[in-house]
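If you check Swiss-Prot, you get these features:
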{"type": "TOPO_DOM", "residues": "1-15", "note": "topological domain 'Intravirion'"}
{"type": "REGION", "residues": "11-33", "note": "region 'Involved in apical transport and lipid raft association'"}
{"type": "REGION", "residues": "36-80", "note": "region 'Hypervariable stalk region'"}
{"type": "CARBOHYD", "residues": "Asn46", "note": "N-linked glycosylation site"}
{"type": "CARBOHYD", "residues": "Asn52", "note": "N-linked glycosylation site"}
{"type": "CARBOHYD", "residues": "Asn65", "note": "N-linked glycosylation site"}
{"type": "CARBOHYD", "residues": "Asn78", "note": "N-linked glycosylation site"}
{"type": "REGION", "residues": "83-468", "note": "region 'Head of neuraminidase'"}
{"type": "BINDING", "residues": "Arg110, Arg144, Glu269, Glu270, Arg285, Arg365", "note": "substrate binding site"}
{"type": "CARBOHYD", "residues": "Asn138", "note": "N-linked glycosylation site"}
{"type": "ACT_SITE", "residues": "Asp143", "note": "active site, proton donor/acceptor"}
{"type": "BINDING", "residues": "Asp286, Gly290, Asp316", "note": "Ca(2+) binding site"}
{"type": "CARBOHYD", "residues": "Asn395", "note": "N-linked glycosylation site"}
Amino acid sequence: MNPNQKIITIGSASLGLVIFNILLHVASITLGIISVTKDNKVHICNTTEVYNETVRVETVVIPVNNTIYLNHEPEFLNNTEPLCDVSGFAIVSKDNGIRIGSRGHIFVIREPFVSCGPSECRTFFLTQGALLNDKHSNNTVKDRSPYRALMSVPLGSSPNAYQAKFESVGWSATACHDGKKWMAIGVSGADDDAYAVIHYGGVPTDVIRSWRKQILRTQESSCVCIKGECYWVMTDGPANNQASYKIFKSQKGMVVDEKEISFQGGHIEECSCYPNMGKVECVCRDNWNGMNRPILIFDEKLEYEVGYLCAGIPTDTPRVQDSSFTGSCTNAVGRSGTNNYGVKGFGFRQGNSVWAGRTISVSSRSGFEVLLIEDGWIRPSKTISKKVEVLNNKNWSGYSGAFTIPTAMTSKNCIVPCFWLEMIRGKPEERTSIWTSSSSTVFCGVSSEVPGWSWDDGAILPFDIDKM
């Protein structure tokens with residue numbers, strides 16, 4: 001039998017089986033119908049039929065994501081750690097605001113300062129409600145006006161109109177972070193009835209009224225927060241005579257305590273404060289008598305010590321030559337009167353010694369250097385162990401002030417001391433300009449010695465607006 005015949009035979013057999021199967025099904029159905037129609041009686045079924053069924057059980061695994069996201073409640077900054085011992089100060093940032101402002105949308109500002117929270121540092125500044133190289137920048141040499149406001153940008157950014165965040169209306173200010181939220185304080189109003197508005201987390205929370213009716217003012221640098229309580233210093237009274245000075249304490253933007261400082265014959269303004277081992281230490285400005293700087297130290301109960309930086313090296317401006325100066329821990333040293341007006345500055349205690357900044361010029365706000373004066377915190381020492389120039393005497397400087405980086409940001413066991421330096425441009429020194437503004441540099445303490453240089457402002461004046 002050939003293959004084709006085999007296929008035909010198999011196919012025929014298969015077809016026959018299919019037909020036979022169909023006939024069996026038809027016969028089965030026919031017999032079922034006949035049996036139903038022949039017997040209409042109801043029969044009770046007493047039989048039990050057992051069905052043995054095998055059930056297949058399958059395990060189905062469904063992956064479930066059990067990750068639970070919790071909102072972590074921020075903690076208050078501790079800030080009770082000691083201040084780090086440092087061997088020098090390294091450049092950290094430079095905003096170049098005036099240079100950029102010749103063509104960019106940069107605010108006219110003064111009194112810039114820096115403050116840090118647990119995750120970021122910000123540059124704060126007092127605007128004049130005007131942009132550089134614009135007609136509204138005219139006569140912005142004036143300190144107090146209704147157009148001034150405290151604003152902030154990330155550290156290192158210029159005070160530009162696109163990143164700036166509004167903090168408070170004011171022509172005098174301070175700001176700090178308690179670990180949970182920013183607190184900003186702006187002083188505004190008439191000279192004889194100014195008041196401060198406290199903002200906490202961007203919300204106005206309290207007000208401080210002028211108590212002497214003579215230009216209420218505050219630090220122009222960072223306040224200090226320790227374990228959820230924030231501290232700052234305010235002045236009310238004459239700039240060239242005995243005034244009134246108070247320490248304030250707040251919790252979540254609400255004033256909870258205040259204390260007036262007894263300091264007869266002394267003058268305190270524009271304090272630069274920092275935390276150190278649970279206390280607040282401030283190096284301030286005497287605008288009345290002293291070319292040495294006032295020192296104020298207080299604890300959480302506002303118990304305070306007040307005096308002057310002992311060092312036999314003067315750090316205010318204007319001042320006499322170092323060789324002609326004798327320091328004092330208790331009294332102002334210098335000539336009284338408005339000619340000894342001073343400038344905001346800073347210092348950091350390092351054991352018995354002190355790091356202090358000052359202008360290089362003894363008579364004007366130009367140049368800047370940082371000195372380590374051995375035993376300068378406790379006695380009238382003239383020993384300068386380190387001196388670093390950060391701005392040469394050919395360039396205008398201005399205010400300077402303190403801030404610190406908390407351990408929450410650095411993971412160190414000590415608080416890093418830092419300072420900022422303002423470089424004022426325009427009036428009053430550069431009379432071809434119709435405006436006054438500033439840029440700033442920032443330096444932080446490091447464990448190694450670093451060389452100096454001159455990180456000057458660098459803007460070329462006059463601007464176009466000055467030529468109109």
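Glycine is treated like the rest: Cβ placed from N, Cα and C.
In the set Asn78, Asn138, Asp143, Asp286, Gly290, none of the recorded positions has a C-alpha within 10 Å of the C-alpha of Arg365 (substrate binding site). With respect to their backbone Cα atoms, Asn138 (N-linked glycosylation site) and Glu270 (substrate binding site) stand 26 Å from each other. Cβ crowding, taken as the number of other Cβ atoms within 10 Å, peaks at Arg285 among the binding-site residues Arg144, Arg285. The secondary structure of Asn78 (N-linked glycosylation site), as reduced to three states from DSSP, is coil rather than helix or strand.
The closest partner of Glu269 (substrate binding site) among the recorded positions, by CA position, is Asp286; the full candidate set was Asp143, Asp286, Gly290, Asn395. Looking only at the recorded positions Asn78, Glu270, Asp286, Gly290, Asp316, the one with its C-alpha closest to the residue listed as 'active site, proton donor/acceptor' is Glu270. A separation of roughly 23 Å, to the nearest angstrom, links the Cα atoms of Glu270 (substrate binding site) and Asn395 (N-linked glycosylation site). Within the set of recorded positions (Asp143, Glu270, Asp286, Asp316), the lowest number of other Cβ atoms found within 10 Å of a Cβ is recorded at Asp143.
Counting only same-chain residues six or more apart in sequence, the Cβ atoms lying under 8 angstroms from the Cβ of Asn78 (N-linked glycosylation site) belong to Ile226, Lys227, Pro406, Thr407, Ala408.
Cα separation, Arg144 (substrate binding site) to Asp286 (Ca(2+) binding site), rounded: 20 Å. For the binding-site residues given as Arg110, Arg365, the lowest number of other CB atoms within 10 Å of the residue's CB is seen at Arg365. The most crowded of the recorded positions listed here (Asn138, Glu269, Gly290, Asn395) is Gly290, judged by how many other CB atoms sit within 10 Å of its own CB.
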